[in-house]
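In what follows, a single structure is set out as structure tokens and then discussed.
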Amino acid sequence: MSKYSLAVDIGASSGRLILGHLENGKLQLNEIHRFENNIVQKGEHYCWDVDKLFNEIKAGINKCKDLDVKPESIGIDTWAVDFVLLDENNKPLTDAVAYRDPRTDGIMEEVFKVIPKEKLYLETGIQFQKFNTIYQLYALKQKSPEVLKKAKAFLMIPEYFNFLLTGKKANEYTNATSTQLVNAFTKKWDHELLDKLGINKEMFQDIKTPKTVLGTLSEELVSEFGFDMKVVLPATHDTGSAVISVPELEDTIYISSGTWSLIGVENRFPICVPKALEYNFTNEGGIDYRFRFLKNIMGLWMIQEVKRNYNDKYTFAELVDLARSEKEFNSIVNVDDDRFLKPENMIEEIQNYCKETNQQVPQSPGQIAKCVYESLVDSYKHAINEIEEIFEKTFPKVNVIGGGCQNEMLNQIIADVTNKEVVAGPIEATAIGNIVAQLMALGEIKDISQARTIIKNSFEVKTYKQSLVRG
Ligand SMILES: Nc1ncnc2c1ncn2[C@@H]1O[C@H](COP(=O)(O)OP(=O)(O)O)[C@@H](O)[C@H]1O
Ligand SMILES: C[C@H](O)[C@H](O)[C@@H](O)C(=O)COP(=O)(O)O
Ligand SMILES: [Mg+2]
């Protein structure tokens, strides 16, 4: 029997702990714990409840005892850019502020006064999202310089949980690249950039790569859980882990479909050409120093907020069914408009946009949902055209991975609008990528190529082709 690895995958809307092990050359998964994640108001900021999330992680680990399974390793991945700062006593200096917090409004423009946008892109290759870590730290420096001065350790969210598990501090490469503070060519923290911004470079930890064994559990946790585990660094940026699970990357554009839609390709080198800057593509770090050439699209965040606005009266599946029935409704919004990043009420924001653009205003839940899905695909289509322009080639296939690949209507609209073959799955791509990185660290899987073969043979996918009648 092969060793068990435990993946902790926490996205912006949900977290899950999934056991994985190899059996007869296939990867067997067992989801042992799932919980909601969401932004909470703490003082004047939107924050993540990291104490609650760590308690959920421990609750999930404790379920292993009920299953009589002692995993050999554990690996944690989460959303990107956000962080915790520790003081000299290893205590958090601030709450874990969420990337949707307005504290970075206008900060990007302030940073461009210190380092021109084009130079920043040429050095880091990272897309300009106003919530990137670089802007969060610059906002903190301007508003609370005394906090930054006291900071002795910068830990991104997965690394903070690793610290709570092991007492060890390290930054992991794939997530570090999302900060826009790592040089795309040296793959190290850009100390010249940090000096220019007046951000203390000493608080950043050594950058480790995926498959690194960080350490083992603290004595206190070993006695709580009843067993020890190796704490392995997967690609701790959840999208970095998700992309590992794309079984066939040749001629394929992936859409990591969850709270965000991350649409792109895997590359061996960074692409920082003017067109990539103009279209705002990113070169986030991948496993084995590959690159994830992609862009953020607002994603299913919008339907999550619509669902919340309806007080969770409808499930995601019911919203899809209601959307299907609205065949005549065709209004479209620009999902990537900042107005949809954190509106008071998503339904009203969508309705106002349609009013302002003289389109039919969606009224029913089905019309609202259909508007979200059609609008997302409109943005996907533009991104695909941009990718094909930059690569000067046509990609015949789109692979939708993550929770959003369960949305069969969305998959079909993608196939209809792009006239490409759409492959849906695996759903838990992030956790799968997390697990195979751990199994590589344990010597159970040789390399990424073998991992992708195992993944291809282990999980069913569904294929969609352009339909004759647009549903
Ligand atoms: N049964 C379903 N039908 C349609 N969409 C679904 C279904 N289940 C989940 N989803 C979609 O998947 C999304 C969550 O994907 P997930 O990858 O878990 O997100 P994250 O990792 O960002 O928390 C939901 O917002 C929802 O839109
Ligand atoms: C803020 C980042 O762009 C975001 O974390 C994105 O990179 C990402 O990883 C989103 O993952 P979800 O699972 O939360 O959609
Ligand atoms: Mg996710």
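Using N, Cα and C of the backbone, Cβ positions are placed for all residues, glycine too.
What you are looking at is a predicted structure, and each value in this text was computed from that prediction instead of being measured.
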TrEMBL annotation, ATP site containing Ala12, Ser13, Ser14, Gly15, Arg16, Thr259, Gly403 - matching residue among Gln304, Gln351, Gln359, Gln450: Gln304
Per TrEMBL, member of Asn24, Asn296, Asn309, Asn311 binding substrate alongside Ala80, His237, Asp238, Thr239: Asn296
Top Cα neighbour of Gly15 (ATP binding site) in the set of recorded positions His237, Asp238, Thr239, Asn296: Asp238
ATP site, defined by Ala12, Ser13, Ser14, Gly15, Arg16, Thr259, Gln304, Gly403: further same-chain residues with Cβ within 8 Å of the Cβ centre: Ile10, Gly11, Glu36, Asn37, Gly258
Long-range Cβ environment of Cys354 (disulfide bond), under 8 Å and at least 6 residues apart: Ser331, Val333, Gln360, Val361, Pro362, Cys371
Substrate site, defined by Ala80, His237, Asp238, Thr239, Asn296: further same-chain residues with Cβ within 8 Å of the Cβ centre: Trp79, Asn175, Ser178, Gly240, Ser256, Trp260, Leu262, Glu284
Cβ atoms near Thr259 (ATP binding site) (within 10 Å, other residues, all chains): 20
